[in-house]
Every structure is written in C-alpha cells, then in structure tokens.
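Reviewing the structure listed below.
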Amino acid sequence: MNNIQKGIKEDFGIEFANQDLLLEAFTQGNYLNEHPEEKGRDYQRLEFLGDSVMQLIVADYLFTRYPAWEEGQLTEMRIAMVQSKSFSHFARLAGFNRYIRLGKGEELSGARNRDSLLEDIWEAFIGALYKDQGAKAVFTFLNKAFFPAIDEGFFEEFIDYKSKLQELLQKAGSVDIEYKVENEDLSDPQKPHFEVTVFVNDKAIGSGSGRSIKIAEKRAAKKAYQDVTPR
C-alpha cells in the first residue's frame, strides 16, 4: 500500500482497487518528466472527468435535498458549489496537498499550496474515485467532505444575494434597504449566533441567521430575494 492510499484510507475509509488511478490523480506533469522510469499519466485526464462528475453529483444532490426549490435557485447554488475556488478550499481540508507528486521546480515555487493546482487535484481525485468505485462512492465521500458546508453557509460566500436583491428592488425605483440585527447569542464563544432582518422602506421582507452578522445578512437577503423574485 503506497503512502497516498494509506492516508486516504485512514482519513476517509476509502481503499482503491486500482491504486494506479489514485497515483495518477496526484501526479503533476513535471514529476513524470523527472521520473521517466514511471509509465503512468499525470492528473489532467482525471481532472477532466472529475469536473463532469462533480457537476452531476452536486446537481443530483441539490435536486433531491431541496424539492421546493425552483430551477433558478438550484442553478445558483450549483454554480457556487462547483466553482474552482471552493475546490481548492476542500482539497486543503482533505489534506490533498500532502500527496501531490511534484517536479522539483514546482515544489520550490510553492505549487503544493497553489489554489489552481489544488483545484485540479480535487477534480482529479473525484474522477479517479468515480472510475474506481462509481458514483455512489463519490457521493459518500462528498457527503462527508463537501456537502456539510452547505449548512455551514460556506457556499453562500459565492452568491452575492445582497447585490441581487438590491438590483431587483431598484428596478421599480429608489428604495431604502436596511439590515438590522434583531438578536444575538454570544453565550458560547465557539458558536455565536446572530439573527438579521432586511427592511425595505421600513418593511421587513426577509430574515436570516448564522454564526456571523455577515452570514446572517446574506441569508436574510437570500430569503428576501427568493420571496420577491417573480415566479
């Protein structure tokens, strides 16, 4: 068992039947140039596959979990979830940067922690897991390492509902939009909680809560935007 397989098994309980796929997912092209004795490929083909797999699995997850959401809501969240900035974040959380096989020059340049490479490696791993074990295994992995971030408000960072709400409301003319903190609970410093309501011309149109005022405001804007968007 190679070190990559050992780490992935310890962290996620995943054991690849085809360990060559796993090595390929973590192999950068310059590494192969410096190790001509290795006959494998770099990660790029698996990255191509993983991109499509992520699109499908995330779309299916959202479709199943949110039966009341309209197509526009599903699309907005899917776009937020499958963009590259989120992939680099989760690749770091999963510790994937430890396993990348880099050429010496890339190692010295700091590529191991480069967002663009980590984004690619995340997709390549997803592609490798799909080829080795199928969509169900990918879903199980994402359910542990990716989907919980929805409830943590992580992906809302990539959807600017405050701007979307402002643009929608101002189509009818000038309006006064205000966000007010209605309640806050700081009893547990590790789990602060804020409740925010958004007002338009002194009328409440949406509320939201979260671990920070910023997240609560975004959720209030999201609720208001979804309620006032024409169906």
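Just so you know, the numbers here start at 1 and follow the chain as drawn.
Cβ from N, Cα, C; glycine included.
Going through Glu37, Glu38, Glu47 against Swiss-Prot, the one listed in the Mg(2+) site together with Asp120, Glu123 turns out to be Glu47.
Among the binding-site residues Glu47, Asp120, the residue whose Cβ has the fewest other Cβ atoms within 10 Å is Glu47.
Other than the site residues Glu47, Asp120, Glu123, same-chain residues with C-beta atoms no more than 8 angstroms from the centre of those residues' C-beta atoms, the Mg(2+) site, are Tyr43, Gln44, Leu46, Phe48, Gly50, Asp51, Phe87, Glu119, Ile121, Trp122, Ala124, Gly127. Listed active-site residues: Asp51, Glu123; maximum Cβ neighbour count within 10 Å falls on Glu123.
Distance noted between the C-alpha atoms of Asp51 (active site) and Glu123 (active site) is 6 Å. Across the domain 'DRBM' (160-230), DSSP classifies residues as 26 helix, 25 strand, 20 coil.
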